[in-house]
Amino acid sequence: MRRLPVLLPLIWVCSVFYVGIFLFVGGFLLVRLEVNRTSTCADILSPGAQVKGDFCLSEPRFRRAVVLIIDALKADFTRYDPENTAPKPFENKLPVLDEMGSLHPSHARLYTFRADPPTTTMQRIKGFTTGSLPTFIDVGNNFASNAILEDNLVHQLGQVGKRVVFMGDDTWVSLFPKKFHRSLPFPSFNVKDLHTVDNGILQNIYPTMEGDDWDVLIAHFLGVDHCGHRFGPDHPAMAEKLSQMDGVIRSVIKRLKNDTLLVVMGDHGMTDTGDHGGESQKETDAALFLYSSSPLFSAPGSQMEPEVVPQTDLVPTLALLLGVPIPYSSVGQVLLPLFPQNGSRSAPTGLSQAEALWINVKQVNRFLETYSNMAKDIPPDSLSLLRADFSNISSQYLVAVQEGRLPSPDLVVSMQNYLTSVRETCRASWARFNPFKMAAGLLILGLACLLCCVISELSHLVIQEGFLKLPIFSGLVVGMAVAGVQLFSQGYLELSWCLAGAALSSEVLFLWKTRRVSPKDRWCPARLLTPALLVLFLRCASLLSDSYVIYEGHVVTFLLLTLSVYIPLRLNWDGLLVPLPPPDTQKPPMQRQATLPSSVVRRETTVLLVWLGVLVGSLYVSLSFHNCREEQGSCQPSPFLSPLSRVQDSQLRNLHYVLSVASLATWVYLLHRWLRHYGNLNCSTVSVFSACFILPLACVGMGLHWAVSATPEDTFRNLSELIGLAHVFLPRAIFCVLGLGLLLLWVDPMTVFIKSRTPVNSRGTSLPRPRYRASTGISPQAELHHLIPQLYQRIRHSLEDGGVEAGEVDDRPAVEAYGLGTVFSAPLLLFCGLLGLVLLLLHPEGMALAFLLLLLEAGAVLHIHACSTNLSSLSIHSSGYSVPWASVVSWSLAAAQFFHATGHLPTFPSIQWGAAFVGFPQGHTGTVLPASLVILNTFSSHILFAVGCPLLLFWPLVCEVRGTRSARSVGGEESEDAVMEMRLRESPQKFSSALLQLTARYLFVNGAQVLASVCAAAILRRHLMVWKVFAPKLMFEASGFIVSSVFVMLGLIMVMRVDIAVGRLFKKLLPQNSRLFKLRNRNKPHISAIRLQATPQVLAEMWQQLLSSRLVLMRLWHRAKSGVDTV
């Protein structure tokens, strides 16, 4: 095999795809421009005549503030219904909020606190401290929190000398480094830990409040959020956590002084499964509770109360109440009920509603002018309207102040409308795009898909030496030229355009070069418009509809089923599913049509239909494991998606556990049974050690780990420490064992058992009886099969001209190799099996059955492909090993289908973050390892099908029917026995070409789906659902392609390692004078042989007669034992 000529084109194509994705995402998901300016008390906002500035003029209403952030405090959690006699675990657990609002209406108020998406913790902290709107791409920074550079409340509080004390979620320390007077951070990433952060806060919050070394106290509790992630909101643990928070709020209220404001808030909500990150109402609606021991609000009903308070509005409100400047980049609006309606200085607060709004309006206008001059991305028409509104408001307010009268209610409404308009304009403008980068990314991705198609059709030309040298070299030259021009003209280097120039130039030159050498009939529409590619087109077209993306799991299932049913229908249309009538014996042998025996056709048809039924059943059952999107309404997620620890019914939990363990054992048994059937477990290599010992050991370990994980925390309190150790060491031990198995398989992938035989001394000497030790693991049936090569050798000696004379010594060796017929597929299948257990360990226990269905579905696709190849082999005139488009598209659709069948969705709330803590319940010190575990969990189906992609090439050879790949004519030529995968080594050039073609087609199918997602995001970038449906789908599709491309290359390299090992084996066993080398596959009834020298036709005929009759075989065996000459 030619390894470098195969790998180099694929690496180049993948790199081009990566550049296209990088360019488009860089133009589509731009972060907004941050204004790195800060407000100060001396700022004079225009228009105004103040000498001392607009901020910090009056005495602040509150000297101190306590901010209690209860992470994921959903608005529904705070509602109290006294008539609810059977509340759910999350209902009626915070009665203190209702009591304070009812008993002290002028002291307390509860609001719905609406967050802007993305609803992840870091983005929400940015939102309610800066008053700005984090953009979509900021979600990627949630686990690599960088310091906030924009002006924010924490900075302003410190700037005026207030002592800010923080305790709780350690995310704050990374966002505001060295900004706190004192901080007590606790690790936040371990979602299974419900108590460490909360208990740490409770040990310190009350002593801190009773002391005087603080002005603002911020406490961020995480127990409710972690409980939602681990158990969901409808669990007794949630009731315990909310009740604990109720007690915390009561204790804090008792310790408040009259000059202290209490703010209790949630940063976001959660879905019914306890997740968050998206923009559904359940995720965005949190709670906001405000309380003070002194009167805080006007009399109830005296003014209009807002139904919903945006999170950005908290920033200017707290700033003015505490007497600090409003952060420079805030676009929030002050919460008017906290300010009196009149302008009397004797009011409880130093600012009236009109005065607070006026300062707020001038601050927002200042930011708008600064940002518009820096970014130039706000539409001029919108900017002109906002400027006109501000000019009108300014003139009216200044006239009212000069005349000594209060601003009119209409002016107050106008200021509110202005602030709302600015926020909505900024929200729309910050979804800005770079059309040039988007267009360049689209062009590169489109040409990359064309490259894959060209390489798949001209793979025999591409693997030639030097074919890619000119395109790659020209790309490097153009990239460096673009870099030089940028440095000369701009003084700085923009990497994206250098990569774009390199990618485009190499693509264009390659296409121009292949156009000159490709046959003209290669690109006719009849060859390209196949039903398989039509299904792929429908799949890509569905990505342009939000409804089809929402129901993508069902769409992919339907397309896969349709394509699978098409294969037998096509075979039936071609007349290949039923035996053909016997050939006309009157015709000359050379004119007879080559046909398969009727028994072979019936057997292959039966096998095809059986596996089609298995595929249909697997697809139907796999629908039971789908998750639900928020847009699907009444859809209920699969109960198998919940960890066993969430299942409260003990009988149901035990049933799920037994089903999971049985599925896991079946997974291991099927892999072991296949390897044993094809004779790949007879040798004593490290690969066989992995199959025989590591697989069962990992199975037992995973069963124990699941049992420990399913144990409720309060069941064995005396063994809590031992159970805690098991949570840590059991999964780590399993990871190590499976990693060792993968490493051993990578180092020595051979699963072949070699058997040497004593040569024949003379024509008249009978062959010695084969003797085997029990340790070889070869069954008596295999011994009977082993006799056939010996008999064949005796026949060959008797018929060969110039045979060995009596007394001469025959020094020609005879060697049998068990498992050589599946030498490529066996280690690859074992590699997938070990890797599948690693990925299963990162999923909930109930996904074991889903992974078993994945194995059955993959096997069904492979067998349908193999049967179709066998039945159509005589009608397709091809001398290579081409894998048809239908099988490649089916394989890719199966990967996408099981992405959904393992509980995943192309949405951020559906990411299974718990995978990061399998074996690491105490959390991580960095972000690389947890991010890797989450990626492996999310794209597990992509990984398994990518690594197993070469099986599409090997499986028809494994299931090969004798005679299907022999000469197409019947008469005058020798009938060839099936040699399975060793046929690939007869023509290394064709083997290399077939591998390159298969991988290029797989990349094309996946790349076409990425291109469709990119087109959908570009065309529908102003669509209502772009950030909710199309942008997340683009991110998941692009990430899935990157993961698939990496692991398909890993599978390809695994095949090459096996080929190297086979080559070394042949060099060791085949000396230059070898005449015959026989292949044996355990428990297979036929004989595989590679002939190094032609044999007479009569020998082949006698050989076929020997194989066709078991009775003759048994008679020959008994004669050989009695010493009677068998020929």
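Even glycines carry a Cβ here, placed using N, Cα and C.
TrEMBL annotations:
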TRANSMEM  436-455  transmembrane segment
TRANSMEM  467-488  transmembrane segment
TRANSMEM  550-569  transmembrane segment
TRANSMEM  606-623  transmembrane segment
TRANSMEM  687-708  transmembrane segment
TRANSMEM  728-747  transmembrane segment
TRANSMEM  817-842  transmembrane segment
TRANSMEM  848-867  transmembrane segment
TRANSMEM  879-899  transmembrane segment
TRANSMEM  939-958  transmembrane segment
TRANSMEM  1000-1020  transmembrane segment
TRANSMEM  1040-1058  transmembrane segment
Non-local residues, at least 6 beyond the ends, that sit with Cβ under 8 Å of the transmembrane segment (1040-1058): 1, 3, 6-7, 10-11, 14, 17-18, 21, 746, 749-750, 823-824, 827-828, 831, 895, 899, 935, 939, 942-943, 945-950, 995, 999, 1002-1003, 1006-1007, 1009-1010
Folded-back contacts onto the transmembrane segment (687-708), same chain, C-beta under 8 angstroms, at least six residues removed: 644, 657, 660-661, 664-665, 667-668, 671-672, 675, 680-681, 723, 726-727, 730-731, 733-734, 737-738, 740-742, 744-745, 748-751, 827, 830, 833-834, 837, 840-841, 845
When counting Cβ pairs under 8 Å to the transmembrane segment (1000-1020), the leader among 436-455, 550-569, 817-842, 879-899: 436-455
Segment proximity, the transmembrane segment (467-488) to the transmembrane segment (879-899), 3 or more C-beta pairs under 8 Å: no
Contact check, the transmembrane segment (939-958) vs the transmembrane segment (550-569), 3+ Cβ pairs under 8 Å, seq sep 6+: no
Other parts of the chain folded back onto the transmembrane segment (848-867), taken as Cβ under 8 Å at six or more residues beyond its ends: 564, 567, 604-605, 607-608, 611-612, 614-615, 618-619, 621-622, 625, 640, 659-661, 663-664, 666-667, 670, 836, 839-840, 883-884, 886-887, 890-891, 894, 897-898, 901-903, 941, 944-945, 948, 951-952, 955-956, 958-959
Same-chain residues at least 6 beyond the ends of the transmembrane segment (606-623) whose Cβ lies under 8 Å from its Cβ atoms: 553-554, 557, 560-561, 564-565, 567-568, 571, 577, 850, 853-854, 856-857, 859-861, 863-864, 867-868, 871, 897-898, 901
